[in-house]
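Colleague: Following this message is one structure expressed as structure tokens.
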Amino acid sequence: MALKLLKKLLFDRPLKNGVILNHQYKIEECLGMGGYGLVYLCTDILAQTPYVLKQLRPTKAKKEKEKVRFQQEIKLLKNIHHPQIPGFIDEFIIDGQAYYVMQFIEGENIEELLFFRKQPFTELMALQLISQLLEIIEYLHDRLIFHSDIRTPNIIINDGRLCLIDFGLAKQLTPEEMEEIKVRKQDDFFDLGETLLFLLYSQYKGKKKKNGTWLEELTLTKEVTLLLKRLLGIEEEYQHTASIREDLNRAIQSVT
């Protein structure tokens, strides 16, 4: 374990600020390191435009499986054209190291808003944000694309507009892969419910019970409760986004 960590520190060190890649993209700062990629904020020095650049980690670049996975992510992003998903811009290889560039989305992610800024969201605000997120999921699922990592750090809000980022675990399936479609669909639905739960808890002022559940702690309308129960698999799971949309609309009506 210690040797593995040492290798990461030695070989997966982020690029230095100011480095220019492909004679075009200047590294401004490292935004983070994921399971197999390093993510940077960069500037296109030709267009003077900020972008996000992703690099396959050097320790992963030596493995064919990881290189294929990185190329699959690029291929997937090229097929996605949605205003609330960062668009693909460019790709290149330097000294055997793969990179790709995508749009930079301004704003703050929900994790920052909830846990660092302690921003409260009313039931209506929470449901309206989930409505936007569902629209993105509808777009993806219609194309048999499953995000598989819908979490608060991967959801950015800018002036009330929601965007979904980080498609590192996403996968596009074929109609024949019915079992995997079912599993991945439910994973996205569960993540949607969990995100809603986080948002609803932002206004919770009571003292959390040691073994208390959200059903005991939160005061919700029956429509919102049903929506959450089905998304989280407590009651009959949703099979399609259309059914979620129907119940979500009822939930919104119940709090307005």
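Glycine too: its Cβ is placed from the backbone N, Cα and C atoms.
The active site, proton acceptor annotation in Swiss-Prot covers Asp149 and rests on sequence analysis. Residues or ranges marked as ATP binding site by Swiss-Prot on the basis of sequence analysis: Leu31, Gly32, Met33, Gly34, Gly35, Tyr36, Gly37, Leu38, Val39, Lys54. The domain 'Protein kinase' annotation in Swiss-Prot covers 25-256 and is backed by sequence analysis.
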Colleague: Could you list the residues of the same chain, at least six apart in sequence, whose Cβ is under 8 A from the Cβ of Gly35 (ATP binding site)?
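Modeller: Expected: Gly168.
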Colleague: Taking the center of the Cβ atoms of Leu31, Gly32, Met33, Gly34, Gly35, Tyr36, Gly37, Leu38, Val39, Lys54 at the recorded ATP site, which other residues in this chain have a Cβ no more than 8 Å from that point?
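Modeller: Neighbours found: Gln55, Arg57, Gly168.
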Colleague: Comparing the binding-site residues Leu31, Met33, Val39, which residue's C-beta has the most other C-beta atoms within 10 angstroms in this structure?
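Modeller: The most densely surrounded of these binding-site residues is Val39.
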Colleague: Within 10 angstroms of the C-beta of Asp149 (active site, proton acceptor), what count of other C-beta atoms is obtained when all protein chains are considered?
Modeller: 18
Colleague: Tell me, how many other CB atoms lie within 10 A of the CB of Gly37 (ATP binding site), whichever protein chain they belong to?
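Modeller: Within a 10 Å radius of the Cβ of Gly37 (ATP binding site) lie 22 other Cβ atoms.
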Colleague: Between the Cα atoms of Gly37 (ATP binding site) and the residue listed as 'active site, proton acceptor', find the distance and write it as a whole number of Å.
Modeller: 15
Colleague: For the C-alpha pair, I'd like the distance in angstrom between Val39 (ATP binding site) and Asp149 (active site, proton acceptor), rounded off.
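Modeller: Taking the Cα atoms only, Val39 (ATP binding site) lies 16 Å from Asp149 (active site, proton acceptor).
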Colleague: For Gly35 (ATP binding site), which DSSP three-state class applies?
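Modeller: Looking at the DSSP assignment, Gly35 (ATP binding site) belongs to neither helix nor strand, so coil.
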Colleague: Could you round the CA separation between Leu31 (ATP binding site) and Asp149 (active site, proton acceptor) to a whole angstrom and send it over?
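Modeller: Checking the Cα atoms of Leu31 (ATP binding site) and Asp149 (active site, proton acceptor) gives a distance of 18 Å.
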Colleague: To the nearest whole angstrom, state the Cα distance for the pair the residue listed as 'active site, proton acceptor' and Met33 (ATP binding site).
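Modeller: Just about 15 Å between their Cα atoms.
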